[in-house]
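So the structure is just underneath, and the comments pick up after that.
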Amino acid sequence: MKKKNRRLENVIYEFKHNKQAIFAAVYLCLIICISIFVVFVNVDPDAIDVTHKLEYPSKNHWFGTDEMGRDYFIRVLYGGRVSLLVGVLAMVTSIVIGVTVGMMSGYFGGLLDSLLMRLVDVFSSIPWIIMVTVFGLLFKRGLFSIIIVIGLFSWMGIARLVRSEVLSAKEREYVQYARFIGRNPAQVMTNHVLPSIFPTIITAATAEIASAIMMESALSFLGIGVAAPMSSWGSLLQSSQQYLQKAPYMAVLPGILIILTVYSFNKLGDVLRVFVEPKITAGEKNE
């Protein structure tokens with residue numbers, strides 16, 4: 001308990017003394033809340049007004065308008081809903097696969113460990129953009145397909161990380177005792193091993209969200225991501241290419257939000273890593 005309290009104190013210390021971490025936390029809270037509650041704004045993101053096409057940002061249209069006269073501010077906010085949803089659900093998919101493979105590999109070892117790690121090596125040896133692009137072309141474009149495809153090809157790093165943690169965790173006394181008294185492997189892994197590596201999983205999850213958002217943006221930018229009429233930050237970037245000279249703001253605004261969101265999730269992961277590596281805290285560096 002004291003160790004956990006110490007780690008929590010370290011995280012709080014990091015937030016108090018790291019302005020970048022504070023910015024990341026505030027930004028993520030803000031963008032998530034806006035993305036959730038934007039549906040209550042009485043503005044239709046698909047409302048077309050051909051008399052106000054490609055207007056620059058103004059008091060009437062904060063982010064300007066697109067090629068169809070639609071309010072770009074609202075479209076960017078709705079695009080954020082899709083990008084964040086893809087990021088979170090793809091992360092859940094990759095975490096489930098990676099944790100399952102990593103725990104089985106690390107806990108059982110032997111032939112199963114060798115086979116699973118070879119599978120990880122095979123998936124890791126192929127560039128993700130090639131795998132995701134092929135599957136994106138084979139399956140119908142849609143939100144669900146994008147989530148599954150990204151999740152299926154981003155679990156390998158998590159599997160390796162979890163495996164290394166499990167190899168260490170299964171040698172601890174309480175895990176050895178649970179095995180000695182006859183607990184079955186499922187009970188030992190669920191009740192004893194998994195809780196001990198949970199901080200590691202949480203830390204990895206933040207990085208996975210950032211990675212999934214980048215992957216979705218790349219796919220949508222290539223034209224094989226989210227399909228119209230649904231839009232994401234990546235698809236907004238893709239559609240803005242032909243208007244870079246007339247309306248550069250159409251590319252700048254979603255691009256900035258992608259960068260800030262990915263940066264913030266990664267920075268949040270750096271702070272949460274204190275749970276896994278408490279020695280890296282700023283407080284201890286200054287001692």
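Cβ coordinates come from backbone N, Cα and C, glycine included.
The domain 'ABC transmembrane type-1' annotation in TrEMBL covers 80-269. Sequence annotations record features per position, and here TrEMBL assigns transmembrane segment to 21-41, 82-103, 115-137, 143-162, 219-237, 249-266.
If you look at the transmembrane segment (219-237) against the transmembrane segment (21-41), you find fewer than three C-beta pairs under 8 angstroms, all six or more positions apart, and that falls short of contact. Between the transmembrane segment (21-41) and the stretches 115-137, 143-162, 249-266, it is 249-266 that has the most C-beta pairs under 8 angstroms.
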